[in-house]
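According to Swiss-Prot, the feature substrate binding site maps to W42, V43, R44, H109, R110, K125, K132, L133, E134, an assignment based on similarity to another entry.
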Amino acid sequence: MPDLLTCDRHQIELSLAPIPLSAAAEFCHDDRYGAFASFVGWVRRVNVGRLVTGITYQSFQPLCRTVLTEICQEAEQVFGQELRIYVQHRLGETRVGDPTVLIGVGAIHRDEACEACRYVIEELKHRAPIWKLEHYEDGDSGWVPGNCLCQERRSRDRRGSTGPE
């Protein structure tokens with residue numbers, strides 16, 4: 001059963017079921033809006049030089065819902081209250097090519113939609129309590145280090161960001 005949190009402006013879902021890619025556009029559609037931006041992430045075949053067969057996602061769901069709600073609220077503060085935001089993340093076992101995260105943002109203008117979408121996925125990757133156990137073709141598996149440890153995030157933060165401090 002999916003773990004679903006919905007209000008009139010955003011929908012957050014953590015689910016063991018496959019992600020229907022049309023769900024974000026359906027939720028974010030509004031006749032007042034002229035723009036929709038989305039991001040889809042899926043399991044890639046090679047990571048850090050190793051052949052990947054799949055990923056098992058785990059999460060502390062109550063905290064994850066809280067963090068994702070905060071991220072959506074921050075995006076509204078920065079990019080405007082006239083947004084609709086959809087966030088869905090897979091949990092459990094996934095295979096190469098499976099969609100694992102879907103972000104959608106509807107807005108009056110494209111700049112707000114695109115920037116808010118980027119903000120939501122970046123903050124999700126760095127703040128949401130979601131853990132990845134990567135499975136490899138050789139039968140081995142290993143936990144993927146948290147994204148907040150990545151050098152890319154530290155260097156991006158030094159250049160400044162569009163989000164709240």
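The backbone N, Cα and C atoms fix where each Cβ goes, glycine too.
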**Report entry** Listed binding-site residues (R44, R110, K132), ranked by Cβ neighbours within 10 Å, top entry
**Finding:** K132
**Report entry** Structural state of E134 (substrate binding site), classified by DSSP into three states
**Finding:** strand
Report task. Check each residue in the chain of W42 (substrate binding site) that is at least six apart in sequence and keep those whose C-beta is under 8 Å from its C-beta; list them in sequence order. Result -> G97, D98, P99, T100
Report summary line: The number of other Cβ atoms within 10 Å of the Cβ of E134 (substrate binding site), counted over all protein chains shown, is 18
Query raised in the report: Max Cα distance spanning W42, V43, R44, H109, R110, K125, K132, L133, E134 (substrate binders), Å?
Result: 38
